[in-house]
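Working notes for the structure below.
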Amino acid sequence: GIRWDPIDTDFSFHPQWERLWFLILTSSFFLTLVWFYFWWEVHNDYNEINWFLYNRMGYWSDWSIPILVTTAAGFTYIAMLLILALCHIAVGQQMNLHWLHKIGLVTTLITTVVTMSSIAQLWDDEWEMVFISLQATAPFLHIGALAAVTALSWLVAGQFARTEKATSQMLMFSAYLAVVVALYLVPLTISSPCIMEKKALGPKPAILGHRGAPMLAPENTLMSFQKAVEQKVYGVQADVVLSYDGVPFLMHDKTLRRTTNVEEVFPERAYEHSSMFNWTDLEKLNAGEWFLQNDPFWTAGSFSRADYLEAANQSVCKLEDMLEVIKDNTSLILNFQDLPAAHPYYSTYINITLETILASGIQQQAVMWLPDTERQLVRQVAPGFQQTSGLKLDAERLREKGIVKLNLRYTKVTSEDVRDYTMANLSVNLYTVNEPWLFSILWCAGVPSVTSDSSHVLQKVPFPIWLMPPEEYHLIWITSDLISFLVIVGVFIFQKLSGGDGKEEYPEPQWRLGSIRTYNPEQIMLSAAVRRSSQDVKIMKEKLIFSEINNGVETTDELSFCSENGF
C-alpha cells in the first residue's frame with residue numbers, strides 16, 4: 001500500500017524546494033478563496049448561468065451546485081494544507097509535503113485557474129458581481145482579514161526572532177508591516193450605500209415577478225402569473241411572441257425545447273423558432289413537466305400535491321389570458337422577441353400585440369413598453385404607456401426620446417447612476433435580483449424597483465440586512481485597528497524577551513507551545529527516513545549526533561536513546 005511518509009523525494013531536504021512549495025500552496029489558497037467567494041456570491045444568477053450554458057451545449061443541466069461543491073472541497077483541502085504548513089513552521093519543522101499532496105495541490109491550482117479564465121472569457125460581465133458583493137461584505141471581510149493577520153503575528157515574530165541575518169529580519173518585518181498597514185487603511189477604500197443614516201433610507205423597492213413567479217410555478221405560464229398576483233407583487237415581466245397564425249403568446253427562448261415537450265410531440269420541428277408554430281400546435285404542448293423534472297430553482301420538492309399536479313399540466317400561455325389575471329392591480333413590463341423575416345406578421349406584430357393589450361382593459365399607465373421598434377406608433381395608439389428603455393444612456397438623451405423608465409441589469413448601474421437618473425425624474429428598474437443581500441444593497445442605493453425570480457422571498461424582507469451609520473462604522477474600524485496593533489506589539493515584545501541565543505546551526509524555536517517538544521530538521525528527517533538507503537540514514541545520523549552535541553546533548557544516556565530507537 002501507500003506509505004504516508006512525509007519525506008518522499010531527495011529534494012524535500014532542500015529549503016529552496018520547500019519555500020517553492022509553500023509559495024505554490026499560498027498562491028493556491030488565495031486563488032481558491034477568490035473563486036469560492038465568487039461562486040458563492042453569484043448564487044443570485046445560478047439560473048441565468050445554467051440558461052447560458054444550456055444555449056452553449058444544447059441541453060439543460062444544473063451546473064451550479066456541482067461547481068459549488070467542487071469549489072468548496074478544493075478550498076477546504078488547500079486551507080487545511082496551509083494550516084498544517086503553518087503549524088510545522090510554528091514548531092520549527094519543515095513542511096515536506098507528500099507527493100500525493102503535491103499532485104493534489106498542482107491539480108487544484110490548475111483547475112482553478114482554467115475555470116476562472118473560462119468564466120472570464122464566456123461571461124466577463126459576471127465578474128462585476130464581485131465588486132457589487134463587496135459593498136455588502138467588505139466591512140466584515142476587513143475585520144476577518146485583520147483578525148487572521150493579527151493571529152499570524154505569533155508566527156512572524158517567532159521567525160523574526162530566530163532569523164540571524166539582519167537583512168532577512170528587515171525584509172520579513174517590512175513585508176508583514178506593509179500588509180498590516182494596508183489592512184489598517186483598507187476602510188478608506190470601502191464604499192457601501194448601506195453605510196448611511198437610517199433616516200436617509202428610502203422606501204423599499206417595488207418588486208416585479210420575472211416571468212411571473214418562476215420559483216413557484218413554470219415560467220411564463222398562467223399558474224406562474226397567478227402565483228405572482230397572490231404574492232401581491234407590484235408588477236410582472238413577460239416575454240411575448242406572435243404565433244404563425246397571429247396569436248400573441250408567452251415564451252422566452254427562441255425555441256420551445258427548454259420549456260415544453262416539443263421534442264416529443266413535434267421532434268422534427270424542435271429547433272424551429274417558436275413563432276413558426278400555429279396556435280393549434282402550441283396548444284398541444286405541455287409547458288410544466290420540464291419544470292418538475294429539471295427543478296431549476298430546487299423548489300419543486302416543496303410543492304403541495306395540488307400545486308404539483310397543476311404545474312405538471314400547464315400549457316403555453318396566451319398573452320390575453322395572462323392579461324386577464326393581472327389587469328386589475330398589477331403593472332406589466334413587456335419584452336418582445338424579433339420574428340424571423342419569413343413570418344407572415346413580421347411587419348405588423350406590434351399592431352396585433354397592441355390591440356390585444358388594449359382590448360384586455362388593463363390601464364395604460366400600468367404598462368411599461370420596452371421594445372424600441374415602432375415606438376412612435378405605440379405613443380400614438382397608447383399614449384398612456386410608460387415608455388421604457390433597455391439601454392443605458394445619459395439622462396438628457398433619454399428625455400429627448402420620451403423615455404420615463406429604464407430596465408437594466410443590476411451590474412450595469414451604480415449608486416451614482418441611480419441618483420443622477422432620479423434627479424432627472426427617470427425611474428430605474430433592475431433585473432434579476434433574487435438574493436436578500438443584493439436587494440438590501442439596491443434598497444440602500446435608492447433603486448425604485450427590481451425584477452425578481454424570488455418575489456415571495458424579497459416580499460418578506462422588512463429592512464436591509466445591515467445598515468450602519470458612518471460614525472458607528474468609523475468607531476468599529478478604529479477600535480479593530482487599535483486592538484490589532486496592541487496585540488501585534490505585545491506578541492513581538494514577548495517573543496523578543498523569550499528568545500534564544502541564536503548561536504545554533506539549527507536554533508530551536510524561541511518560544512514554547514505548551515508541552516510540545518521542538519526538534520531540529522535532522523531529527524525530523526531521520527525519524528521519517530524509513531525507506532532511505534543505509535548511506536542516507538548514516539549521513540543523517542551523523543548530522544543528528546553532531547547537532548545534538550552542539551546543542552549541549554553530550555550525555556551517554558541521551559546518545560544511547562537514539563541507538564535504542566534504531567538511529
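Placed from the backbone N, Cα and C atoms, the Cβ positions cover glycine too.
According to TrEMBL, the domain 'GP-PDE' annotation covers 205-462. In the predicted structure, the domain 'GP-PDE' (205-462) carries a mean pLDDT of 95.
Distant neighbours of the transmembrane segment (20-40): 67-68, 71-72, 74-75, 78-79, 81-82, 85, 95, 97, 102, 105-106, 108-109, 112-113, 115-116, 127, 129-130, 133; these residues of the same chain sit at least 6 beyond its ends, with a Cβ under 8 Å from one of its Cβ atoms. Annotation source TrEMBL lists transmembrane segment at 20-40 (among others).
The annotation transmembrane segment is assigned in TrEMBL to 63-91 (among others).
The transmembrane segment annotation in TrEMBL covers 103-123 (among others).
Marked as transmembrane segment by TrEMBL: 129-158 (among others). Beyond its flanks by at least six residues, the transmembrane segment (129-158) meets 37-38, 41-42, 44-45, 86, 89-90, 172-173, 176, 179-180, 183-184, 186-187, 190-195, 410-411, 437-438, 440-441, 465-466, 468, 473, 476-477, 480-481, 484, 487-488, 491-492, 494-496, 509-511 of its own chain at Cβ-Cβ distances under 8 Å.
TrEMBL lists 170-190 (among others) with the feature transmembrane segment.
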